[in-house]
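Participant: So TrEMBL has the following annotated:
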type	residues	note
DOMAIN	24-239	domain 'CWH43-like N-terminal'
TRANSMEM	20-42	transmembrane segment
TRANSMEM	117-134	transmembrane segment
TRANSMEM	146-164	transmembrane segment
TRANSMEM	184-202	transmembrane segment
TRANSMEM	214-236	transmembrane segment
Amino acid sequence: MLQGSNIFGHERPLVLRISFTTCVVTTVCLPLLGLIACVFISSVFHYEDSTGTHCQVPNYLPSISASISLSPESHIWRFCIGLHSAPRLLVAFTYFKFYKTCFASKFHESALSRLNLAFALTENLGLLLLTYVSSSETYFVHKEGFVLFLVSSLVHMLITCRLWKAIKKYSLSPEDAKSHRWKVRFLLLNISFCAFAGFFYYKHNMYCESGSYTFFALFEYLVVFSNMAFHLTAVWDFKSREVMVISSSEDKTF
């Protein structure tokens, strides 16, 4: 919603209001749609390149790293991630401000909220690294970016669940209880999917079994989807809030 007017030569600031729900959903949907598009294009048009590995055994799904390193998939993925990065930072700082208000008099939770912000920022940094440095360009940097993203996201989710456990304890809102419950569920799913992805990645590299890389790719998708679902719970946390963008300008007179 836009607000602004010009009365007797005085121009009022232009105010843009966006619901926080819209901001969160857009932030999550951009990488989700980007990933689906990349995997689809790689599977249909670059099947051999995206599913081939050093083992040279049959595989049926491309890994995320393979699907976002080809063209035009890499451009689609970089566009989506670049566009979603600023709103993602906004969500991270909004949570931090919210935690500061909730735990102003609690030293332990207050320290955890600062640590949580740090891991939210490194999670975003890791995602940017693995996005803009593809595995086909500089594998080491891409790999370190992926590890940074994965570790940071897991720690961020763990700390978030701990903070919301404290919030739920003192809150009378059923929305807060539901948010905590689903955060824990998505965290457990994410850890499980990470374990399965690591197991099949190990089997593929050690034994070159047919289909192992396919299962690795599948669980890799589920790791990302469960991470996105975790972030989507912000819709419950800030349901009634709005994002305001205000353009200030000097008053003008005739």
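Using the three backbone atoms N, Cα and C, a Cβ is placed for every residue, glycine included.
Caution: TrEMBL annotation is automatic and unverified by curators.
What you are looking at is a predicted structure, and each value in this text was computed from that prediction instead of being measured.
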Participant: Can you give the mean pLDDT for the domain 'CWH43-like N-terminal' (24-239), rounded to a whole number?
Facilitator: 92
Participant: Find the member of 146-164, 184-202, 214-236 that has more C-beta pairs under 8 Å to the transmembrane segment (20-42) than any other listed stretch.
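Facilitator: Comparing 146-164, 184-202, 214-236: 214-236 has the most Cβ pairs near the transmembrane segment (20-42).
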Participant: Six or more residues beyond either end and a Cβ under 8 Å away: which residues meet both conditions relative to the transmembrane segment (117-134)?
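Facilitator: Long-range Cβ neighbours of the transmembrane segment (117-134): 65, 68-69, 74, 77-78, 81-82, 85, 88-89, 92-93, 95-96, 141-142, 144-150, 152-153, 155-156, 159.
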Participant: For the transmembrane segment (214-236), give me same-chain residues lying six or more residues beyond its boundaries with a C-beta closer than 8 angstroms to one of its C-beta atoms, as numbers and ranges.
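Facilitator: For the transmembrane segment (214-236), the far contacts come to 20-21, 24-25, 27-28, 31-32, 35, 39, 59-64, 91, 95, 150, 153, 157, 160, 175-176, 178-179, 182-183, 186-187, 189-190, 193-194, 196-197, 200-201, 204.
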